[in-house]
Amino acid sequence: MNKLKLIFAGTPDFAARHLAALLSSDHEVVAVYTQPDKPAGRGQKLTASPVKELALAHNLPVYQPASLRKEEAQAELAALGADLMVVVAYGLILPKAVLDTPRLGCINVHGSLLPRWRGAAPIQRSIWAGDAETGVTIMQMDVGLDTGAMIRKVSCPIAADETSASLYDKLAGLGPQALVDTVNAMAAGNTAAEAQDDAQANYAEKLSKEEARIDWSMEAVAIERCTRAFNPWPISWFEVAGQTVKVWQAEVVAQDHGQAAGTLLKADKQGIDIATGKGVLRLLTLQPPGKKAMSVTDLLNSRRDWFEPGTQLN
């Protein structure tokens with residue numbers, strides 16, 4: 001097997017786990033690209049990405065262009081003489097000039113079984129849609145958005161209690177080995193890519209805070225999936241007594257209620273039951289303003305007046 005010279009491009013922890021796998025492989029990472037440092041935390045201090053921190057710990061050259069569209073940035077990348085560029089949650093668009101620069105092109109690790117859930121939020125959208133399985137796809141990049149030919153797929157089930165946080169960890173465990181296997185196969189000239197069927201594609205749009213507002217007219221099953229899809233961000237929420245309350249955990253209670261959607265049916269140590277468009281949603285772990293997430297029992301000890309039966313939410 002030939003030893004390949006790699007450029008790695010990525011930004012969050014998910015990407016850093018893939019970089020770590022490449023650093024333990026037989027190949028040479030000659031440079032790392034990541035997004036510019038950004039303000040974070042209460043002090044809004046400029047903070048390096050997890051990928052940058054890992055790269056610096058391994059004394060790798062780090063490049064942080066605001067864009068790869070400029071000729072200077074493209075020339076700088078070409079001068080690295082890489083055989084292959086590996087892209088994982090980088091966050092910048094790669095123009096055709098960059099895609100064509102490495103001898104073997106650019107490959108991308110995507111958190112879904114393409115062509116399902118192209119786009120920015122595949123993990124969250126797969127949970128929200130009630131998919132039974134998802135996985136990781138490694139594709140040869142082209143100028144489209146997650147439209148490239150697929151080199152390798154690894155699947156995993158989505159558990160009934162899966163959150164975006166837990167599924168993120170699952171895929172971050174699956175992806176690195178699949179990536180190393182793919183790079184090894186490319187080094188040996190032993191890969192075949194399968195074109196995506198555009199007719200089977202759908203799009204995983206980026207999440208918004210407003211989208212996380214609970215619509216009680218939806219079915220309880222769908223709302224419960226939302227609470228898991230939006231955990232750990234932006235967290236599903238509703239308003240009561242003029243306050244915003246976040247929902248970290250809920251469950252579906254299979255019962256008919258005969259009440260208007262959004263009606264509070266009961267509140268006790270078992271949970272807070274809310275009528276929905278179909279079925280009942282039982283709220284289990286909530287976060288009131290300025291507090292940490294807490295059990296319903298703890299919240300009712302201090303705010304029972306918010307949750308009187310018959311109260312209409314939203």
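Even glycines carry a Cβ here, placed using N, Cα and C.
Listed features, source Swiss-Prot:
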BINDING   Ser112, Leu113, Leu114, Pro115  (6S)-5,6,7,8-tetrahydrofolate binding site
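A map of Swiss-Prot features onto the structure.
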{"residue": "Ser112", "record": "(6S)-5,6,7,8-tetrahydrofolate binding site", "Cβ within 10 Å": "24"}
{"residue": "Leu113", "record": "(6S)-5,6,7,8-tetrahydrofolate binding site", "Cβ within 10 Å": "20"}
{"residue": "Leu114", "record": "(6S)-5,6,7,8-tetrahydrofolate binding site", "Cβ within 10 Å": "26"}
{"residue": "Pro115", "record": "(6S)-5,6,7,8-tetrahydrofolate binding site", "Cβ within 10 Å": "20"}
For the (6S)-5,6,7,8-tetrahydrofolate site built from Ser112, Leu113, Leu114, Pro115, further residues of that chain with CB within 8 A of the site's CB center:
His110, Arg116, Trp117, Arg118, Pro122, Gly135, Thr137, Asp146, Met150, Lys153, Gln196, Ala201
